[in-house]
Each structure stands twice: as structure tokens, then as C-alpha cells.
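Reviewing the structure listed below.
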């Protein structure tokens with residue numbers, strides 16, 4: 001029993017001696033760190049020293065609040081967030097595509113140029129020529145459908161019949177000499193008839209033979225009167 005008591009006493013003495021050595025080392029370490037970091041703050045335990053007491057208003061002049069410290073390097077300890085490429089592509093695809101007004105106008109003008117090409121349209125109707133500038137090709141089909149419902153239009157080909165249209169003015173030019181010739185003949189016939197019917201010398205000629213015929217026959221009547229008187 002006595003041996004056990006002595007063993008426990010020696011173990012307790014060793015523990016006390018080791019604790020004392022640890023405390024002495026800690027106090028020495030704090031003394032060394034007091035000049036650089038100061039106390040427990042240099043150990044990295046996150047402890048800050050107590051703020052200093054504000055000086056009296058009359059001793060150093062105006063009252064100044066204690067300086068505040070800001071930890072600007074706190075974001076370096078946070079782990080970096082990595083973005084997967086698949087999620088970035090899907091997010092870009094989900095965004096709505098907005099076109100500028102200039103792009104929309106260029107697309108519309110290109111579609112109009114491809115679908116509706118304006119050309120010159122010439123129509124011959126009623127001896128007149130009508131010309132339309134920049135007439136869209138899509139409206140030509142509508143115009144042919146409207147014209148095809150008429151009577152003087154061939155429904156199979158969609159073109160107007162040439163028989164119903166009057167002759168153009170330039171086709172009557174070769175007929176002008178013939179018309180002049182006919183009018184000249186009519187004028188000569190009228191003048192010839194007038195000369196034969198109303199000429200004064202023809203009237204005198206016709207009157208002279210009638211007088212001569214009457215004079216030749218007068219003696220015949222005188223002879224008859226003489227024979228009648230002799231018989232009486």
C-alpha cells in the first residue's frame with residue numbers, strides 16, 4: 001500500500017512540474033509577441049484587444065472616436081465558384097433574341113425584293129397605250145384574273161382578243177391616197193355634170209335648132225292656107 005502511495009505522489013509531482021514548465025513557456029512567448037502583434041492577437045485566435053479608453057475632453061483637445069478596423073482580405077478565404085460550360089450555354093440559349101430596327105427593315109426589304117420585283121407594265125386598250133412604272137409582279141396575276149372574267153378575253157391564255165380592239169391610228173396612213181383619189185373623182189364628176197347641164201353656150205345651141213325647125217315648117221302651113229282659099 002505504501003508503494004502505491006509513493007507512485008501516485010511522484011506522478012502528481014511530474015504533472016505539476018510539466019504544467020509549470022508549460023505556463024512559463026507560454027508567458028515567455030507572450031512577452032516576445034507583445035512587441036509585434038501584442039498579446040493573444042498574435043496567436044491567430046481571432047481575439048482583438050480591448051478598445052482604448054477615450055481621452056478626456058480637456059486633456060488632449062477635441063474628442064476623437066477610436067479607429068475601426070476593416071478586414072479587406074476576408075473574400076480570399078471563400079472558395080471560388082466554378083461555372084460549368086453546359087449551364088452557361090443553356091443560359092445563353094434561353095435569352096430572347098432582339099433584333100435592331102435596321103436589321104428588321106433590311107430583312108423586310110430583302111423579302112420584298114425576292115417576292116415582288118417591280119417592273120414596267122404596258123396595256124393596249126381602246127386604241128390607247130397605258131404605261132405603269134414599278135408595277136409589282138404579284139398584282140399582275142390579280143389583274144389577269146380580273147380581265148379574264150370579261151367577254152373579249154381568252155380565258156385559256158388570259159389575253160384580250162384582237163378582233164374586239166379597233167385598228168390603231170398608224171394603220172390608216174396607207175389609205176390616205178385612196179381617199180384623196182376618190183374625193184378627186186367625185187369632184188370631177190360633179191363639175192362635169194355642172195358643165196353639161198348649166199353651161200350658157202349649150203343652152204344657146206339647143207335654142208337655135210328649135211327656131212330653125214319651126215322656120216322650116218312655117219311654109220308648110222302657109223301652103224295649106226293657100227289651097228284652102230283657092231277652093232273657096
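Just so you know, glycine gets a Cβ as well, placed from its N, Cα and C.
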(request) Would you please say which range out of 14-33, 34-53, 54-73 has the annotation region 'Disordered' in Swiss-Prot? (result) 54-73
(request) Name the residue range among 147-154, 179-186, 203-210, 211-218 that Swiss-Prot annotates as motif 'Nuclear localization signal'. (result) 179-186
